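Peer 1: From TrEMBL, for reference:
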| type | residues | note |
| --- | --- | --- |
| DOMAIN | B:18-537 | domain 'Cytochrome oxidase subunit I profile' |
| DOMAIN | B:663-836 | domain 'Heme-copper oxidase subunit III family profile' |
| TRANSMEM | B:41-63 | transmembrane segment |
| TRANSMEM | B:83-108 | transmembrane segment |
| TRANSMEM | B:128-150 | transmembrane segment |
| TRANSMEM | B:170-193 | transmembrane segment |
| TRANSMEM | B:205-229 | transmembrane segment |
| TRANSMEM | B:268-286 | transmembrane segment |
| TRANSMEM | B:293-314 | transmembrane segment |
| TRANSMEM | B:326-350 | transmembrane segment |
| TRANSMEM | B:475-499 | transmembrane segment |
| TRANSMEM | B:582-604 | transmembrane segment |
| TRANSMEM | B:660-686 | transmembrane segment |
| TRANSMEM | B:770-794 | transmembrane segment |
Amino acid sequence: MRLIPKEIETLWTLFTAPVVWAAHFLVCYIGAALYCAKPELIGLSFSAVRAGIAAVTLIALSLIALSAWLAWRQWGFGRDDPPHDDPTRRDRTLFQGFATLLLSGLSFIAVIFTAMPALFLTECIR
Amino acid sequence: MSAAIKKRSLEEYKAQEERLRAVWANPAGWRYWTSVNNFQIGLWYSSAAFAFMLFAGALALLMRLQLAVPDNDFLSADFFNQAFTLHGTVMMFLFAVPIFEAVAIFLLPPMLGAREMPFPRLGAFSFWSFFLGGIFVCGSIFFSAAPSAGWFMYPPLATDKEFSGIGADIWLLGLSFIEVASIAAAVELIVGIMKCRAPGMRINLMPLFAWYLLIVAGMILFAFPPLIAGDLLFEMERMFDWPFFDAARGGDPLLWQHLFWIFGHPEVYIIFLPAIALMAMIVPTFSQRPIVGYSWIVLAAVGTGFLSFGLWVHHMFATGLPQISLAFFSAASEAVAIPTGVQIFVFIATMLTGRVIFSTPMLFGTGGLAIFVIGGLTGVMVALAPFDWQAHDTYFVVAHLHYVLIGGMLFPVVAGLYYYYPLIDAKKLSDRLGRLAFWLMFCGFNIGFFPMHLSGLRGMPRRVFTYPAEIGWDWLNLISTAGAFIFAAGVLVVVFDVLRPKHREPRDELNPWNAGTLEWISEPEEDWGVRSIPIVRSRYPLWDQKDLAREVNEGRCYLPDAEEGRREGLVTSVLDADPIQVLRVGGSSHVTIVSALSLGAAFIALTFHWWIATAMAAITCFCAVIYWLWTGTGEIPEKPEKDVGLGLSLPLYASGPDSVGWWAMFITMVGDGTAFASLVFGYFFYWTIHADFTAGIAGPDAIWSLLAAILFAAAWGLMVAARMFNRRGATATVRGLLVASLLTTVAASAAGLAAPWSPGMDPMRHVYPAIVWILVIWVLAHAALGTVMQAYCLARSLAGRLTPKHDMDLSNVVLYWHFLLVTAVITFAIIGLFPAAM
């Protein structure tokens, strides 16, 4: 079995990290909103919700880190500098890698932003 | 000998040029309006959007006059309500969003080195829908029937017929119609940018404008459908008393706020990104160097596109949601400042490393960005929930949003107007008038809107039609009014500059600003877009490929001719833009106008509950669209391949994921799926707010639900089999399968109908039956459309227009069925099983 995926040629990889951010955001928001609306449904305390957010945050950050590493590889581990504007397949790939790497960085920060409220809030106050 | 060859090739060249010109020519006389040429559509679209902007601006001036002094009676309270509602609505839906669609339709083909957008008739349809819907919504104020509940139409005020009158229906139906136009434009833009770039224009060489527009079109697909779903619920409540937002019967006004702002906040960025995209074209030209940090701009565009979907609740900070929910959205609202800031720094870096020419477009651009930055900073302030609780619904927010939208959108659009005007007329606008307009607008804007921060902090609420003296708001308001009129004077100077006759001025050169991108080689006098389609090898081909303009205009590149008298362009691959197909697009036609007008008539008749007229208009629209599809799409070419020049021969037909039609279907259905997801969200939303959301009402019959799901799956399986057998050439089997699938679909729909029908669920009694019914109706409507498609494929097969090799219709319909299967299974699983599971 292959642990690290092969390099693939598609536009979609560009969006990996932001999609992880979006999924993480939705899970945190829906999870917390559900808990606050129907606390009896799960029967757990708010600290369990916070622990859950911590767990999905770690998963999301790892996925983004993986996407960043794949992007770094696609970028040729940074051997070439931007702007990657030659009319070649190679430069096109390097550009994709670099842009994906940048987006992974932004998504990483944004996931941490999203998770931070769980550090400070200890109950469902309205 | 060589002289003879030269003479012959010159003659041949002239003949080619004549044929090409004839094929792309616009019709003369009144038939001019049947043109579908991207140049014409773009021009009409942007002119109409500008006209709507001036109209909404005039409403704003009336409001400012009313507010200039305390206790004023210049306008009545009711007219004031109509004015601010229409002002916001028109500026957002009829100016800010459509102007970018207009500019994109106008600019993208030449910028990408394409002849046309992939679906020119769809573009025309989109324009006519927009135009008609816009006139309808704007015209209502002259009958004192305009919407008056604020541009976001909050229930319960807007659902109350006594307080909101017919205006709310006009808003809902008029705008739903325009939203359809926006989604049509999004389909056109995505397919155009992904598949119709000039050969060699790899994604790392694509103009940044195209990058931005690609992201924005994707955002439209996910942002507009929730509003369409919301409009549907809203109109069902107003028209048939289904209590979606009526708390007394289990509904909740907050669901509307969610659906509205899931649309509304991304919309701010849908407006802002294309304007910034114009800046990303203007700044390099006037710095006379390539942009610094191309990849960073892509990061900013994609990042903003995503993050903007995590902001919607910051419009709802004061609605009493749990603090942790508010905090998530507050965090995302802060995070979006990062990619937004990146773009500004990229522009500054580009200017610092180049030699900046401070032309009129740059003046508007940089002035606008300065204003936008101020609006961005107050945005960071109101993104903090505690501050927002103080500033909510005050003039502080009015100031903030105008700084963001006018700085981030209107100024860059005017910059774009001054920059791109030579493409329309081969003449520049006046530099002197431009500078005068800029200073009037810049000063007027700040004089007008800066004091609103202060009046807001002093407690002045939004949407009041007057206020008493002695509470410290009067002189601030007087200054605001003065500023608004100075600003309007600036806008009038721009209007005058555009409209004044310029025929005495000499024609300017082709590329007057010495820009680097492809749109500057197209000649305004010609309708063909580009004389021949070039091979692109640079981000700034006009700077780096010295002979390009000459080669293109001498017809030395791809498709310099139109031997068969058809409008043709190239389809290229997504990543590397390798040429893969010749795409024949539709020419001038009445059918776009007939479809748009009849669809518009259906919406308008619906507003007034004229049921027969609605039905007649809808049937007309249906027939027009079928005629359009039958005569204009999926055509089997007279030969499989065609020589496109430079020794390359390409196929004329493609189906499945290789064809642009398949992508259009896919993109449309993604939007459709988002609307469906919004309804499902509504279902679970009601579940969360009630201890028992069924209110003791018997739910849909589980057996019927299950049966419906199974039958829909069977119908889908038959469709997939039909496609498979068609490829094998078993035509008779295919026809049999299509009929079988159609009958199964009808049976599935009947079972689906029986599910909520058999326990006698009454949608007017409580929100639970209402939301179940709306989900079932959604599926049934899609199933009805699915049967039309099946019948269409059957007819195409019988007419010999659907063959084993030419199966584009069938393959697109099967794609539709994939989505329909998912919709049906999810719906019946939820309504049939979820109440039992809880």
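Count begins at 1; order follows the chain as displayed.
Glycine too: its Cβ is placed from the backbone N, Cα and C atoms.
Could you tell me the structural context for the features on the list?
Peer 2: Mean pLDDT of the predicted structure over the domain 'Cytochrome oxidase subunit I profile' (B:18-537): 93.
Here the transmembrane segment (B:83-108) has long-range neighbours at 38-39, 41-43, 45-46, 48-50, 52-53, 55-56, 59-60, 62-63, 75, 114, 117, 123, 126-127, 130, 134, 137-138, 140-141, 146-151, 167, 171, 175, 178, 181-182, 185, 188-189, 192-193, 209-210, 213, 216, 267, 270-271, 274-275, 278, 405, 409, 413, 416, 420, 423, 463, 519, meaning same-chain residues at least 6 beyond its ends whose C-beta is under 8 angstroms from one of its own.
Non-local neighbours of the transmembrane segment (B:205-229) in the same chain are 100, 104, 107-108, 111-112, 176, 179-180, 182-183, 185-187, 189-190, 193-194, 197, 259-260, 262-264, 266-267, 269-270, 273-274, 276-278, 280-281, 291, 294, 297-298, 301-302, 304-305, 308-309, 517-518, 536-539, 667, 670-672, 674-676, 678-679, 682; each lies 6+ residues outside the stretch with a CB under 8 Å from one of its CB atoms.
If you look at the transmembrane segment (B:293-314), the same-chain residues 6 or more away from its ends with a CB under 8 A from one of its CBs are 204, 208, 211-212, 215-216, 218-219, 222-223, 258, 261-262, 264-266, 268-269, 273, 277, 280, 321, 325-326, 328-330, 332-333, 335-336, 338-340, 342-343, 346, 349-350, 382-383, 388, 539.
Counting residues 6+ beyond its ends, the transmembrane segment (B:770-794) has Cβ neighbours under 8 Å at 232-233, 236, 242-244, 251, 626, 629, 672, 676, 679-680, 682-683, 686, 699-700, 712, 715, 719, 722, 735, 738-739, 741-742, 745-746, 748-749, 752-753, 755-756, 761, 763-764, 802, 809-810, 813, 816-817, 820, 823-824, 827-828, 830-831 in the same chain.
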Peer 1: Are there residues at least 6 beyond the ends of the transmembrane segment (B:41-63) whose Cβ is under 8 Å from a Cβ of it, and what are they?
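Peer 2: Those are 35, 74-75, 80, 83-84, 86-87, 90-91, 94-95, 98-99, 101-107, 120, 123-124, 127, 130-131, 134, 138, 141, 424, 484-485, 488, 491, 495, in sequence order.
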